[in-house]
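A short worksheet on the structure shown next.
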Amino acid sequence: MGSFPHYFIAIPLSSKLQDYFSNWQDELVGKLPYKQWYNKKDFHITLKFLGEVDDNKLKALRMELEKLSLLKAFSIVVGEIGTFGNPKSPRVIWAGVEKNKNLMQLAEKVEEYATKVGFPKENRPYSPHITLAKKWIGEKGKNDINWLEEAKEKYKETNLLRVQQVNLYQIHPGKEQKYEPVQTIQLR
């Protein structure tokens, strides 16, 4: 094991939204100790993390994912800041994503096609979000929690994202832009 690249399936963000959320990061980076602040080109909404994938499974998955082109494009609301983990030392800062019917249908189809070719079924409920930073490196539980309340007040504006495509991404650890789209499926 360990010899094959890692992949995930996700919705890319428009360049306008990449810039918008990058501005959030610019304001927060000096205030919060995170090991990894995402490159704006890496912003996405994960539909399914796949992990390590061999060539045969990747080929079968690519064929299944083409079926997504039968789904219609749709819009979702994104914005509002949130966290995963202890609010005093949250492991992830994210921008929220509306869980609407179309997004849930897309996530279910991705799950169906991935499990059909042998990927394990995800048991956790789908929790769409856009990761801005992860891996807290400050003292555990020592952060001034007021930053979160202030950020929730400041970053509460929402935006519309038109979901017109889904990408299969290959992960390149160690690169500034870690996520490379290797397949793009246009929705109709």
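Yeah, the Cβs are placed from backbone N, Cα and C, and that goes for glycine too.
Going by TrEMBL, these are the annotated features:
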| type | residues | note |
| --- | --- | --- |
| ACT_SITE | HIS44 | active site, proton donor |
| ACT_SITE | HIS129 | active site, proton acceptor |
| DOMAIN | 5-187 | domain 'A-kinase anchor protein 7-like phosphoesterase' |
| MOTIF | 44-47 | motif 'HXTX 1' |
| MOTIF | 129-132 | motif 'HXTX 2' |
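Tertiary neighbourhood of the motif 'HXTX 2' (129-132): same-chain residues 13, 21, 24-25, 28, 37-38, 43-45, 78, 81-82, 92-97, selected by CB-CB distance under 8 Å and a gap of 6+ residues from either end. DSSP gives HIS44 (active site, proton donor) a strand state. For the motif 'HXTX 2' (129-132), the number of residues in each DSSP class (helix H, G, I; strand E, B; coil) is 0 helix, 4 strand, 0 coil. The residue listed as 'active site, proton acceptor': 17 other CB atoms within 10 A of its CB, across all protein chains. In this structure the alpha carbons, written CA, of HIS44 (active site, proton donor) and the residue listed as 'active site, proton acceptor' are 8 Å apart.
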